[in-house]
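In what follows, a single structure is set out as structure tokens and then discussed.
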Amino acid sequence: MARGHMLTVCLMSVMLALSMSHFAESALQEGFYSAMCPQAEATLYNTLKDLTVNDPDLPAVLLRLHFHDCFVRGCDASVLLDVPKSEKTAPPNARLEGFNAVDRLKSAVERLCPGVVSCADILAFAARDSVVLTGGPGYNVPAGRRDGRVSSATEASKFLPDAQSKVPGLVANFANQGLSVEDMVVLSGAHTIGEAACHHIDSRIYDYPSKSGVDPNIPADYAKKLKKKCRERGLKDRTFDLDTSTDHKFDSQYYTNLIAKKGLLVSDQALFDDKSTKPLVEKHKKQAVFFEAFAKAMVKMGNIQVLEGTQGQIRKSCRSVNK
């Protein structure tokens, strides 16, 4: 083979490898801390369990925090950093909470094993434990993530899904993270717990292009409840449960709600209204099917662009990069 042709092939191979690195399998391991800090996972679970006693909304908050972390720069705890123009300051993260709870979790493992457990892994474990504490499926969390050094509000605004998105936009957004259409529908099922700010549904109950301003596809009784709680446009400090039936229970009720036209956000209800994803909503209405799929999708999401070895660090404080 000619030297020039060999060089071209090598360059093409390198470019292909780089383009696929975003979706490459990581070397994370189940039981990663079993030798270095054997009580880490149990300590995190018990600490979170204690915190949840006084804050039953915390599991939904921490589950959301893990999602928002992984969709920007991968699962590297960049969402936790307190730096100028950080991810925390981006509009999609305006109501992001749980940072004090993460500090408590970090302190708990630091007392056991200083400088061993990364903040990125703490978020992954806390998301799993949040699901378990609200009645959802347990699953093994591969670990070994390192913490990132950069946090960008611009990137958060670019990569996080929007509450007004329809299915084509959601599919594209999740595909950008290496996640499939079914992964998207399954991970959206996390909205079986938690709440959303009222202003996110203005387009459904005040500004819809109808005589009343209400989306006519919303059942009258549900629309009445929405308008009673979200009594005027633009309310950012009032919230409505994503699942009004079993708001603190992790189950498959989310999909039942969508079938009944009682999905809260545009991006929720769109999953049933769009013919391409409607069968997936109906499929995951079965709780056993949903639980199995959700556990697998969470592990897959937890592998997005993880930092390993010298690519990142183990932060001493989850809010700041080590000096």
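Glycine is no exception: its Cβ is also placed from the backbone N, Cα and C atoms.
Note: TrEMBL annotation is automatic and uncurated.
Around the Cβ of His68 (active site, proton acceptor), 22 further Cβ atoms fall within 10 Å across all displayed protein chains. Residues or ranges marked as active site, proton acceptor in TrEMBL: His68.
What TrEMBL lists as heme b binding site is His191.
TrEMBL lists 1-26 with the feature signal peptide.
TrEMBL lists Arg64 with the feature site 'Transition state stabilizer'. Within 10 Å of the Cβ of Arg64 (site 'Transition state stabilizer') there are 22 other Cβ atoms, across all protein chains.
Here Arg64 (site 'Transition state stabilizer') is positioned 9 angstrom away from His191 (heme b binding site), judged by their C-alpha atoms.
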